[in-house]
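K.L.:
Next up is a structure, given as structure tokens.
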Amino acid sequence: MNLNDGAQGLSWHGQIPCEINLSSYDVVDLAAPAPIHLMLPRMSYLHAAASEAVEALRGSSLTSTSSTVWFSVDKQPQRFNLPVGVLFDIHQLKNGVSQNSQTIRHLPWKLTVHFSSYPSDVLLGYEGPSTTKHFFCQQLKQALFLEHGNARMGMAITQEMTEQMWGAVGVGDFETYKLVNDRVVADYEMGELKHEKEDTRSEQQKKTDEIRAQMDAEREAAERKERGEEEVGKGRKREIASVPVRVLAIGGEQMKVIQKPVVATATLGEVLQLFGIDSGVERVINGLFAVPDDAFIMELWRSCQSADHFLYVVVK
């Protein structure tokens, strides 16, 4: 769970000016309530970051007791399990934004909150605020499994840590999030040390396993050389098992979510090729447009990963 304090800290402090309106289908009075303007942290989630605005508008809704709250943009339902920044990146790319200087045209970001007619055919089931937290925790543990090649890091996260981390995500508090992250790392490393001490393999078995691991590494290097990939990541240390990457491909009415194991030494262009996507596509990563193909995916992940540890690449 290593964090790039400088670059990622800047990402966490990024906010999006928003205007939230109550759906006309939910208005109980003759006149709709005034829209609510607020700044939403890129790293947070709609239902967490906009919870106060939702409650303020709930009183003007016909179905004020409904727990199935959902948001839409341009009449398109917004996925509650994706970070705010990723949803905004999708919105921009859909609307033809291809460089950062054009972002201002789409601000404030206009969101509509609904308390009825939940689009269950499009969105995952939502039963209240705990649903978003549950999906966040599951995605975080999935990302940690990809990073470390085992579930032990995810298992090191206690319920108390989960609550503190989710609270920090809700308000975009990087400092608190990092403190919890550091505690998880410390507990994980202590557990790994204990795991090593409890290693019951014989000395002969340990030597055999080391030889096999070396042979596997040499075979992999030879295969990469045959494919002409010997220069990829040359001289760079492979620090994690794989990089948690999700590519969100916009096209047609349905957005495609693609996820595969990605080696730490790959470039963005190689990742797109692995995912079956043309390297010339428009792309945006954490609000950054036109990221070059030769950018190393590990560096992008360290700087631009979301709170759930996935690097989201939106392409069109």
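Even glycines carry a Cβ here, placed using N, Cα and C.
Automatic, uncurated: that is what TrEMBL annotation is.
Residues or ranges marked as domain 'Autophagy protein ATG5 UblA' by TrEMBL: 12-115. Per TrEMBL, domain 'Autophagy protein ATG5 alpha-helical bundle region' is recorded for 130-185. If you look up TrEMBL, you'll see 194-235 marked as region 'Disordered'.
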K.L.:
What are the DSSP helix/strand/coil residue counts across the domain 'Autophagy protein ATG5 UblA' (12-115)?
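P.N.:
Per DSSP, the residues of the domain 'Autophagy protein ATG5 UblA' (12-115) fall into 31 helix, 28 strand, 45 coil.
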K.L.:
Across the domain 'Autophagy protein ATG5 UblA' (12-115), what does the mean pLDDT come to, as a whole number?
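P.N.:
Its mean pLDDT is 91.
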K.L.:
Give the residue counts of the domain 'Autophagy protein ATG5 alpha-helical bundle region' (130-185) per reduced DSSP state, in the order helix, strand, coil.
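P.N.:
Secondary-structure composition of the domain 'Autophagy protein ATG5 alpha-helical bundle region' (130-185): 48 helix, 0 strand, 8 coil.
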